[in-house]
Amino acid sequence: MTPKLIVALDFDNQDNALQLVDKLDPNHCALKVGSELFTLLGPQFVKELVRREFKVFLDLKFHDIPNTVAKACHSAAELGVWMINVHAIGGLRMLQAARESLKTYGKDRPLLIAVTVLTSFEEGELASVGISNTLPEQATHLAMLAREAGLDGVVSSAHEVKIIKQKCGENFITVTPGIRLPNNLKDDQSRVMTPQQAIREGSDFLVIGRPITQASNPHEVVSALLRDL
């Protein structure tokens, strides 16, 4: 069974990242590699995590012309990752091209999910980039576009999960960042929830970074989270 917990490796160097990885169990959590760490360490670091039998979510949020995104998704799949993502705002043709690029992998292909609205966005900010929808409206609209394109699911704030499930179906995967423990500050995330709240809303996978990576005892935090989930 795939763990519900995805630990975000938000580090700026390999030593610190691997020190945390050494304390984690691939049976208990997946790992997320984002733009900072991938830019610094590249594909070899991802391959090392896969070699250690972790499921890896490669969080690079591809957004470009359809052909470029398709090739990027194919290259990501070659690394053996479990999940990759693209920006839903790239449009239907881009999403379809990304999906088609993974067909050759058959049942071994990575999950392909789309980013709806970043959890750092606050109500009203969409208008500054020319979008008149509210946050829930925009997230739901993009989720439905991703479903139409044949993607497996979306990245979405827990606040939008329930309506996305209603519109796109219970089997449509929701990956939820912006998860904070009750005693944590929001940091630069605006729309946050605790793990228990997010699961109640219907989130399938929870992405948790700083509450684990900045903890004095990360293993203890992970164990407590798993007990709660």
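Each Cβ is built from the backbone N, Cα and C atoms, and glycine gets one as well.
The active site, proton donor feature in Swiss-Prot is assigned to K61; the stated evidence is sequence analysis. Taking all protein chains in view, 17 other C-beta atoms sit within 10 angstroms of the C-beta of K61 (active site, proton donor). Secondary structure at K61 (active site, proton donor), as computed by DSSP, is strand.
DSSP assigns P66 (substrate binding site) to a helix. Swiss-Prot lists D10, K32, 59-68, T119, R180, Q189, 209-210 with the feature substrate binding site, giving sequence analysis as the kind of evidence.
Counting Cβ atoms from all protein chains shown, D10 (substrate binding site) has 18 others lying within 10 Å of its own Cβ.
Counting every protein chain shown, the number of other Cβ atoms lying within 10 Å of the Cβ of G209 (substrate binding site) is 21.
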